[in-house]
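Below you'll find the structure, written out as structure tokens, and then a few comments.
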Amino acid sequence: MAETSKKTQKKNPREAPKFNKSSKQTFKAKKEQRSDAAKSEAVALQLEDDVPDFPRGGGSSLSRKERDEIRAEVDAEFEAEERELKTKKKRKSLRNTSQEDDDLGSLFGGGIKGKLPQFANKITLKNVSPGMKLWGVIAEVNERDLVISLPGGLRGLVRASDALDPILDTEIEGIADNVLPSVFNVGQMVACVVLHLDNDNKESGKRKIWLSLRLSLLYKGFSLDSTQEGVVLTAYVKSIEDHGYILHFGLPSFTGFLPKNSQIACPDIEINTGQLLQGIVTRIDRTRKVLYLSSDPDTVSKYATKDVKGISIDLLLPGMMVNARVQSNLGNGVMLSFLTYFTGTADIFHLQSSFANSNWQDDYNKNKKVNARILFIDPSTRAVGLTLNPHLVHNKSPPSHVKIGDIYEDSKVVRVDRGFGLLLEIPTSPVPTPAYVSISDVAEDGVRRLDKKFKEGSRVRVRILGFRHLEGVATGTLKAGAFEGSVFTHSDVKPGMIVRAKIIAVEPYQAIVQFHGGIKALCPLRHMSEFELSKPGKKFKIGAELVFRVLGCKSKRITVTHKKTLVKSKLGILSSYADATEGSELGLEPGSDPSSIYHVGQVVKCRIISSVLGSKRISLSFIIKPPRVSEDDIIKMGTLVLGVVDIVTPNAVVVYVNGKNYLKGTISTEHLSDHQGQAAKMKSVLKPGYKFDQLLLLDNESNNLKLSAKYSLIKSAQQLPSDISQIHPNSVVHGYVCNLIETGCFVRFLGRLTGFSPRNKAMDDYKVNLSEAFYIGQSVRSNILDVNSETCRITLSLKQSSCSSTDASFMQGYFLLEEEIARLQCLDSNGSELNWTEGFSIGCVVEGKIQESKDIGVVVSFDKYNDVLGFITPYQLAGTIVETGSSIRATVLDVSKTEHLVDLSLKTMFIDKCRAESSRSQSHKKKRKREASKDLEVNQTVNAVIEIVKENYLVLSIPKYNCALGYASKSDYNSQKFPQKQFLNGESVVATVMALPTPSTAGRLLLLLKSISESETSSSKRAKKKSSYKVGSLVQAEITEIRPLELRLKFGIGFHGRVHITEVDDDNVLENPFSNFRIGQTVNARIVGMANNSDSKKKSRQFDLSMKPAVLSGSFETEKMLLSEELDFSSGQSIAGYVYKVDNEWVWLNISRNVRAQLFILDSSCEPSELHEFQKRFHVGKVVSGYVLRVNRDKKLLRLVLSTFLAVPDKVSAGEVSKRDDQEASISDENVTAHICGGCIVGGRVSKILPGVGGLIVQIGPHTYGRVHFIELADSWVSDPLSGYHEGQFVKCKVLEINKSVKGTLQIDLSLCSSMEGKEAGKHLHTQTKSVEKIEDLHPDMAIQGYVKNVTPKGCFIFLSRKLDAKVLISNLSDGFVDDPVKEFPVGKLVTGRILSVEPLSKRVEVTLKTLGASSAPKSETSNLSSLHVGDIISGRIKRVESYGLFIAIDNTNLVGLCHISELSDDRTDNIQSKYKAGEKVRAKILKVDAERNRISLGMKDFYVLDDDDTQEPSDQEADVTIENNGFLDNTKLISLPESDLLGVQNMEVECEIPILAQAEARASVPPLEVALDDIYQENVDGIIIQNQEHIDDGDTLDEKSKRQAKKKAKKDREREIRAAEERLLEKDIPRTTEEFEKLVRGSPNSSFVWIKYMAFTLSMADIEKARSIAERALQTINIREENEKLNIWVAYFNLENEYGKPPEEAVSRVFQRALQYNDPRRVHLALLGMYERTEQHRLANELVDRMTKKFKQSCKVWLRRIQRLLNQQQEGVQLVVNRALLSLPRHKHIKFISQTAILEFKCGVPHMGRSMFEGILKEYPKRTDLWSIYIDQEIRLGDVDVIRALFERATCLSLPPKKMKFLFKKYLGYEKSIGNEERIEYVKEKAMKYVENTLA
């Protein structure tokens, strides 16, 4: 066998390795018999570098040379076991045996011909190749990378950029660097792809495997067609939606969706965007290319991939679970077949048992079925690795119960692998943990035969080295050295600890040492010895063990020292800044001379002075015993002290502080002045003993006081920071330059607090060198850009554009120090010669003599002062020619006391100003000086002229202020060394007055040039863009504009902001908070947020500022305190705000800049007069105080009421409320009506007048309504209590009672009675009858009054009070016979009667309306006809209206007469019911009296009663009053779903809960069953046209079209009557149960009215789904011919879904699409449009109208609806729509369309547009009388008499047929009669007569 194998290898030495096809088909292996000895000798395990390449698949990724090297390494391992072979020849033959050759051949895939592989595939560093797919577990999650534990104990790294696909970058950009910890977690199983390995030149142990988790690489080759249902896939969460998660697979070809309800087992796990999820494909939508997944963990972990024909290796994924079958056992694992075509191997670490002993092969018989998961796939070699590990099979990572470094004494040996290592069982809790010990870790000197030294079952002591997370196997060591020492891992190393270590390497500058645990450390050259070593190798011998002390351990890098003084020191260990305590000592005592004693690396003994943990700074001192200083002598930094000069050195001035000889301080030369030149002058005149009044203590370190005399620092001493916590960004702080480097400038404040200004932040012009722009010690103003508390770094800006001076302190300090220097100079010369300055006060006129004249100016001398000279520049000569020796008079402009120089001027404007006052005394001069500047104010901007340009400053004159003289600096703190701007004499400049003349300003007027304070170069503009203020910054701003609700301000460099009206006062109680401010005023404010720039076109940033005293004085710890304004308002809290908007219903208030409030109109007052003046009472800016009723936290909106109330805690949290679709509906009634209680007086508005005795529905809140009972309408008993009320009327209400209905809504009972004590009866009653509330107050024979409630054939019921009813039998209704009780006692009639009986228990009251003694009265008295005569004119009231005439009750009698319809009027009366009403007062003439039949015939024609004007009106004391309510308009057809259920209006259950009211309303109105398919206006217009046409064609024969219309109209009338009858029948006996409704619908299956009532009933029971099912039943049941009935159901369905659909818009759309299939599409569209308009969904209505005009272009109604919407919404574009409609509509519809459009313009739009349309159409059709009639009717409605008469004149002048002219004249005459102008009536009659005469002629 060996020779054969050898020949084979020699025959094909360079033959490429061939892959067997075992990855796709099973081997037909030959049966081989292997003995037990052969099994034991087989290599069971190969670790790390020993693992072979993939044998299966036939190929190897290694070259021939690499395979030879690996064979050599394997040979070396076998050498240890074959030492008993004596000769080299035998060892060589052993290596070439056929058995071993076969094994190695299978390892590397070389020369295999139909044989099984001998070893399982394993992963090592040498066979990992790019493109390989691996399964791993996340071991570490860092901010920038992930550490993945891979098979075989390998570890891979994943960069953050490779962890997610690029498409998710935009989705998770908000989390930035924290993206990895937010989407990955330790222990998570992931599939990854190998990207590359580090280069081979690195050590094998240090080579890194770089992986990618991108699904685009993992799923490369996947497509939607290759994906099947039931497959487990991994996907990213791309976005989180309401109902689930949108997934991304890294491929653009398809996406995924995971419903939220699919997380059955772990619903509480938080899922973030970008997170990896596993799920099973439950459904594939190939049209939309969407995979629907389910992520139930149990289902995912148990699912196994099914066999699919044609599956390729590209579709295999790591982690995929498969059903496998054992094919054969290998040396270190098993070979399995799966998915029919594939084979794979599982090594011994991935078997089912983690503790596989030497007989593990017995558990894996051939063809055994197991569940396995794919561990890795190598596409290049087509090798597949599997795992049978139970944890991994269940898709979970194995648990870890051990820690690195732990020692286990009693570990059991489970298996011994010859030549490789031991498998141990470690006793951990709760379950044992497997551990593997490599042969190299068994002992220090190596072990020849493991099986001899260790037996299975023996116990050993092991220490844990590491843990392989994927396999769940620990790695350990048995070496004795591993158990020694205290250091085993890096975590065991502590600073300061003493350790023994072995030297393993010595280099010239360091030595590498190793602890007993194997950890390496570094010993620098300086720490090898106390002295400097030139040859460290001589002292440090490799292999020697020495004692070291650990200095530090950072990032697994350990530094040690071998210095004996440190190693043997017994002082305390200082391991952190927190351990540093003042007074602790380190090291040895030093000598006295530091320069000669100390050297680098020397160990010293020192004392800790201070330790600042934040800045990581420790201050030390070599003075071990500090000098004792009393507490009184301790001076804090920033304190102002006195100083007496002790000595002046070349570099500093030494002073005694506070006069104490032992307390000294130094002032450096630069700190003597803010000006560099002045500092040298001041130092030159200083002498010992000079006293500084104020010095600033900059630093007191080590009792060495550092002082400063800089005026800028002394003036701002209180604002100078000494700690980093005192510095805030965007603030400007004074400081001084302490150091300059090439890259920037260091600025110091107090102590050691230092900031850094980078080069690009130090100057506006970055080209200038820093050393040329600044000097050390220079005073500067620094703008704080950034403060980093962690690193203690402060970033500054020194740019002049952002740090310019805001005051004149720079100039003020200059002049004060100039005077001090002059004073010291005089003291130096031992004279008091400063008295000369008194004669040269600024602005005075002096006399002098020309001493010398030069080109640069004229020198003047003075007789009294020989050492003083004057100088006049050529500009100040003002053209005057002077000669030497001549005397002049000049004005003093400036005085230099140090140089004894006076600047003069010969300008007449200066001399004339002082000429009149030249003889006055010095006191008058001072007065004159004050007058010169008395009108100037600080911060005032003036225009000035440069008079003199000095070296450091300018002398200016202000012409507008009497040529007042001022002084301004040419430079600033930060620009002292900058190239200065060249100023010219006479140049005009703009300056700001900063200080008026006072002694503190050296008597000078100080100005600040705008060019200094607001310089804005191109670079400064860039600085302005980059600089930013943060929330919480305190700024000084200037008011630029005052608005009603805000102040506009500017601050900084081009920054703008606003102060809201609520940010001025803490309590919002000032009526006009802006009254004390003016434009230009400077104020202090704090930035509280960013303002909305929607109303501003400026690009500059807008800030929200606050000037509240509490905000200005408060300290803000974080910006979030200002940015997040919590709504900490509670119900009932009293607050105040400012009105910013008032509309028809609401007052809108600003409570704060982000919180608004609203006050409803009815909550503002209870007086109707005040409610009428609602908008006038509240003006913008008014302060309104109120109480919080409700808080909407999402919208930051409060609801206020003006009256106090008892607060009710909210039952609905803010988070729940925000999730509701309807915000108003989600709030409990207790919250919105908490301010309403029984007995309170509230304001109300009449919302609806209920028919009959229903009373009123009064609105008392935005969505709150109450009912006013018919009894509670008036104080007294009146016949028609509703007559004084109309809809929209404001009323004053009293709340009587508040109840809660069964449905959960509130029922509020109101009263409109001004007095609740009782109600007065009418004047005809002799006694007052009170409204009785309790039945106990009633007794028989008691006189009462009441209103008829309802009438039945057996009698009637009457209201006695709000809660009491009484029954009146028909026999007790009247003294006489009552023919028709319904007509004689209409609902609502006021009646008077007496109580017959009272039953308190049953609450039954019986009343009679008969008068006392009526039964005994003779009949002749009650019905006497003898008093009436034919021809008499009588007055009376209409008692009843019938179709054939009127029944009239004659006044002062009990008689009733009949006026037949033919006797009503001269004209024909078509509709008697609409013209006459019951109860109306009329006059009539008696035509006939039939005494036998007791009948009276009356007539009411005009000529009957024309001559009897003197007939007196009879009194109405006993007249019967009948009230009839028209209810809804007949042509208004509404769907009959109850408003309380479908329209969302509260408290409207009154109609349903009181059947009598419902019956009364049904009788008084047409039932609202039909759907408003055509709007009201349409039917009105049609009615007008038809009516007019009927008048025109009166008497003519109707054509066929008219007949059809009449027949159609008659059919509709019949249907209406039938529906009305159905409704009345239903209302009389309202079904109360489902069974009753079912019975009703079976009886009337085609009645939409019944079905809709059934739906309303189920909705009242809160069963929405049943209401839907009833609608579906109705649509299926109603006959297909009943299109109108079906359409009614569809519209009810619309309303149902609009109210309860989820979401409503989609639900309505679905029903709408279905309705289009069964009904006329146009009518369905119109029905939906009507529903949208009623519910005020204007956006949807507009979209629908747009679609309708495109779909139904030839429908006139559709175009009219669009025009109506435009007009109702007051939008433009009506004419464009009209033009489009005329192009689309057929020509025969043009007249109808134009006329109805014109009517709409008259009603809703602009009347003159309607006139234009009528005029245009009449111009084309002048003889269309119907158009004339409509036109005239519209003008009559407007009421312009002149226009109406002009139209009539034009119409009656037309040449038309006589009958049409008759119609026009009758209409003309009727109009004039309605006006009552007799002259015009006669005029029309004469004109008609003339027309008749002309026609007959």
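Glycine residues also receive a Cβ, built from the backbone N, Cα and C atoms like all the rest.
Remember, predicted model here, so these are calculated numbers, not experimental data.
What TrEMBL records for 1-18 (among others) is compositional bias 'Basic and acidic residues'.
Residues or ranges marked as region 'Disordered' in TrEMBL: 1-104 (among others).
Taken from TrEMBL, the feature compositional bias 'Basic and acidic residues' covers 29-39 (among others).
Look at TrEMBL and you will find 63-74 (among others) tagged as compositional bias 'Basic and acidic residues'.
Look at TrEMBL and you will find 230-296 (among others) tagged as domain 'S1 motif'.
Sequence annotations record features per position, and here TrEMBL assigns domain 'S1 motif' to 319-389 (among others). For the domain 'S1 motif' (319-389), the DSSP-based tally of helix, strand and coil residues reads 7 helix, 37 strand, 27 coil.
Looking at the domain 'S1 motif' (405-479) alone, the prediction's average pLDDT is 86. The domain 'S1 motif' feature in TrEMBL is assigned to 405-479 (among others).
As annotated by TrEMBL, domain 'S1 motif' applies to 496-563 (among others).
Helix, strand and coil residue tallies for the domain 'S1 motif' (638-710), in that order: 17 helix, 33 strand, 23 coil [DSSP]. Per TrEMBL, the feature domain 'S1 motif' maps to 638-710 (among others).
When DSSP labels each residue, the domain 'S1 motif' (730-799) comes out as 8 helix, 35 strand, 27 coil, counted as helix, strand and coil in that order. Positions annotated as domain 'S1 motif' by TrEMBL: 730-799 (among others).
According to TrEMBL, the feature domain 'S1 motif' maps to 843-907 (among others). For the domain 'S1 motif' (843-907), DSSP puts the residue distribution at 4 helix, 34 strand, 27 coil.
According to TrEMBL, the domain 'S1 motif' annotation covers 1032-1108 (among others).
Residues or ranges marked as domain 'S1 motif' by TrEMBL: 1132-1203 (among others).
Taken from TrEMBL, the feature domain 'S1 motif' applies to 1239-1311 (among others). Break the domain 'S1 motif' (1239-1311) down by DSSP state and the numbers are 4 helix, 34 strand, 35 coil.
Annotation comment: TrEMBL describes 1341-1410 (among others) as domain 'S1 motif'.
Annotated domain 'S1 motif' per TrEMBL: 1431-1501 (among others), in sequence order.
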Seminar exercise, completed: Summed over the domain 'S1 motif' (496-563), the DSSP helix, strand and coil counts are 7 helix, 35 strand, 26 coil
Seminar exercise, completed: Across 230-296, 730-799, 1341-1410, 1431-1501, the most C-beta pairs under 8 Å with the domain 'S1 motif' (638-710) come from 730-799
Exercise. When DSSP states are grouped into helix, strand and coil, how many residues of the domain 'S1 motif' (1132-1203) land in each?
Worked result: 12 helix, 34 strand, 26 coil
Exercise. Taking DSSP states H, G and I as helix and E and B as strand, how many residues of the domain 'S1 motif' (1032-1108) are helix, strand and coil?
Worked result: 3 helix, 35 strand, 39 coil
Problem set entry | Counts by DSSP class (helix H/G/I, strand E/B, coil) across the domain 'S1 motif' (230-296) | 3 helix, 34 strand, 30 coil
